[in-house]
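S.K.: Before we start, here is the structure in question, set down as structure tokens.
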Amino acid sequence: MNKNLKNVFFVLIIMMVVLIIAYNYENNAGATKDISYSDFLNMLEPVEGKKPLGKLYKGNVDKYNKIQIEKDVIEGFYIPSEYLESKTAKPVKFRTTVAPLDKDLIASLRKANVSFDARSAEEGKFWSVIGSNILLIVILIGLFWFIMMRQIQSTGNKAFSFGKSKAKMTMDPKVKITFEDVAGCEEAKEELVEIIEFLKDPKKFHAIGARIPTGVLLVGPPGTGKTLLARAVAGEAGVPFFSISGSDFVEMFVGVGASRVRDLFDQGKKNSPCIIFIDEIDAVGRLRGAGLGGGHDEREQTLNQMLVEMDGFEKNEGVIVMAATNRADVLDPALLRPGRFDRQVMVDLPDIKGREEILKVHSRKVPMTSDISLHSIARGTPGFTGADLANLINEGALLAARKNKKRVTQEELEEARDKVMMGPERKSFFISEKEKEVIAYHEAGHAILGTLLPYTEPVHKVTIIPRGRALGLTQSLPKEDKHILPKTYWLDQIIVAMGGFIAEEFKFGVTSTGSSNDIQQASNIARKMVCEWGMSEKLGTVNYSGDQTNVFIGRDMGHSSKYYSEEFAAMIDKEVREIIQTCLNKGRDLVRKNASKFEGLAKALLAKETISHEELMTIVHPANEEGAKKKPEKTVKSKKQNGIKANPAYNE
């Protein structure tokens, strides 16, 4: 039944109810008055000296002018005495009981020329009472049921079917997503293409004795494209695709989750071959027996049912389960074993090539100028996910539209990247001249050390315009993605982090609260060098941090987070202080030796507020000096760097 027919049906029911109510009201207009039999006879044959109640109605309307006789009951209409002279008087309905011995009633009626009619007590009552009142009740119940069902369907639920699966089946979506719309995760695509080939041509795999994986688990950080990959599989497979969220299984009603799992797999078997996709499966697949509330709850029942459905006594031939999560560490081991989720596909952060491909995909529908360099944007966005890059392109388009441009230029993309990475500019934020000077020298300290040290990333931009929660920023962008970072790199990172502290100390003789985050960052690096990365000779290659994964309440509570004695705790603190102090001394020496460049950069920041990489290199490396950052020598003359031994292998 389409929407228009439903509306017509709804209107007809309302009209019927209104008509029945009006009919009953008309029939029962005015209350029936019970009178004595003597009063009735007095109106029929008035007695001298006794005033009658009125006059029996004998008008032209058949509805009123007949006396109805049903066994010992008489009903009719009369006009009260006080309204006899009125032409608009409305008859009053009366009822009386006939005396059982009155045999002259009929003769009296005939003598008075009163029309009358006799009927049995049952006649007409079924249709008048049952036909109107009960029919009205039935219609009202039907109307209530219709409204209730319509309301339930409009909210997407099913009445009395809490245990039914909420999975949505996709066969041929209008907006079809394919693997051409997915970039930056080629290995993951290859794994999934194999599953699609099996669904399209299973004989090819059966002939060689291969068994397709029962389940595929997509694992990766948020925003890397796990759900997008699943949508691409739905577009490519050409088979029914059921999608559901892990949170849709668990409700407030006990047993609903397990029932929905059964119903979901029943639907899958009926539509085999098919794919079932469960997004955020960690909502239902968490480790059993772990938690403050005990080992048995609704989630465990749901998980147990899912384990049975995926690999129990009954085989689900042709039903492939896909799932996505960014918390694979909290999933139950029984869910991850071969036979259930045979294959785990890692969807990690894209590298520079992957980021460039993702930018190309998202920029297809965005008009851009011909001089756009997506490679430079990709190089300047390390650690960005696919969702971040899509947001960057959208922000660039919004900025271009705000400037009334027809095409997006490199300027908008650069500005959008800075906005996504560092937050929007707060040009209206008031800063006094004294504070602005402190900020300028603080950022100049970061920038000058980041440019002079050999193992740091190139400084891309320095600004004293507040962005987000920061009052000033020094942005460094790597030339390439790095996966193995040596000790020398981290030592230089500590020096750069403390650059603002060193600059304030050198220029003003005192430091400010603006260095608090820098100190925290440097301390974290130094502590990891000592406790996790084995970069301390005194403490050796021992892990003092324990398991650094996210705590799972119930499994990890009560476990000690301290893996060393008080003696070693003091040694760790001492080693961390020594590393930071050594880096501070080297940073102070560099700033002191390059004081003129440091002053020039700070004054340029006060004048321009933002300094680009090219302007920075002009200040730090004038034309008469070497125009590039000094590179480390290929041979190691000394095995120590500022009193801390460095690994010679990384200096080559």
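Any Cβ shown, glycine's included, is placed from N, Cα and C.
From Swiss-Prot, here are the annotated features:
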type	residues	note
ACT_SITE	Glu443	active site
BINDING	Gly220, Pro221, Pro222, Gly223, Thr224, Gly225, Lys226, Thr227	ATP binding site
BINDING	His442, His446, Asp518	Zn(2+) binding site
COMPBIAS	623-636	compositional bias 'Basic and acidic residues'
REGION	622-652	region 'Disordered'
TOPO_DOM	1-4	topological domain 'Cytoplasmic'
TOPO_DOM	26-128	topological domain 'Periplasmic'
TOPO_DOM	150-652	topological domain 'Cytoplasmic'
TRANSMEM	5-25	transmembrane segment
TRANSMEM	129-149	transmembrane segment
S.K.: Closest to Pro221 (ATP binding site): which of the recorded positions His442, Glu443, His446, Asp518, going by Cα position?
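M.R.: The smallest Cα gap between Pro221 (ATP binding site) and any of the recorded positions is with Asp518.
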S.K.: Looking only at C-alpha atoms, tell me how far His442 (Zn(2+) binding site) is from Pro222 (ATP binding site), rounded to the nearest Å.
M.R.: 34
S.K.: State the count of C-beta atoms found within 10 angstroms of the C-beta of Gly225 (ATP binding site), not counting that atom itself.
M.R.: 27
S.K.: I'd like to confirm something. Which of the recorded positions, Glu443, His446, Asp518, has a Cα closest to the Cα of Gly225 (ATP binding site)?
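M.R.: Ranked by Cα distance from Gly225 (ATP binding site), first place goes to Asp518.
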S.K.: Looking only at C-alpha atoms, tell me how far Glu443 (active site) is from Thr224 (ATP binding site), rounded to the nearest Å.
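M.R.: Each residue's Cα considered, Glu443 (active site) and Thr224 (ATP binding site) end up 33 Å apart.
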S.K.: Restricting to the chain of Gly220 (ATP binding site) and a gap of 6 or more, list residues whose Cβ falls under 8 Å of its Cβ, or answer none.
M.R.: Lys226, Asn326, Met346, Val347, Asp348, Leu349
S.K.: Least buried of the binding-site residues Thr224, Thr227, going by other Cβ atoms within 10 Å?
M.R.: Thr227
S.K.: Counting other CB atoms within 10 A of each CB, which of the recorded positions Glu443, Asp518 comes out lowest?
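M.R.: Comparing Cβ neighbour counts within 10 Å for the recorded positions Glu443, Asp518 gives Asp518.
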S.K.: Fill in the CA-CA distance, Thr227 (ATP binding site) to Asp518 (Zn(2+) binding site), as an integer in Å.
M.R.: 37
S.K.: If I take the alpha carbons of Thr224 (ATP binding site) and His446 (Zn(2+) binding site), what is the distance between them in whole Å?
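M.R.: Their Cα atoms are separated by 32 Å.
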S.K.: Just jot down the residues in the same chain as Gly223 (ATP binding site), at least 6 apart in sequence, with C-beta under 8 A of its C-beta; none if empty.
M.R.: Thr385, Gly386, Ala387, Asp388
S.K.: Could you state the CA-to-CA distance between Pro222 (ATP binding site) and Asp518 (Zn(2+) binding site) to the nearest Å?
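M.R.: Computed Cα spacing between Pro222 (ATP binding site) and Asp518 (Zn(2+) binding site) is 27 Å.
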S.K.: Near the Zn(2+) site, what residues other than His442, His446, Asp518 in the same chain have a C-beta no further than 8 Å from the centroid of the listed C-beta atoms?
M.R.: Glu443, Gly445, Gly472, Thr474, Ala497, Met498, Gly499, Gly500, Phe501, Ala503, Gly514, Ser515
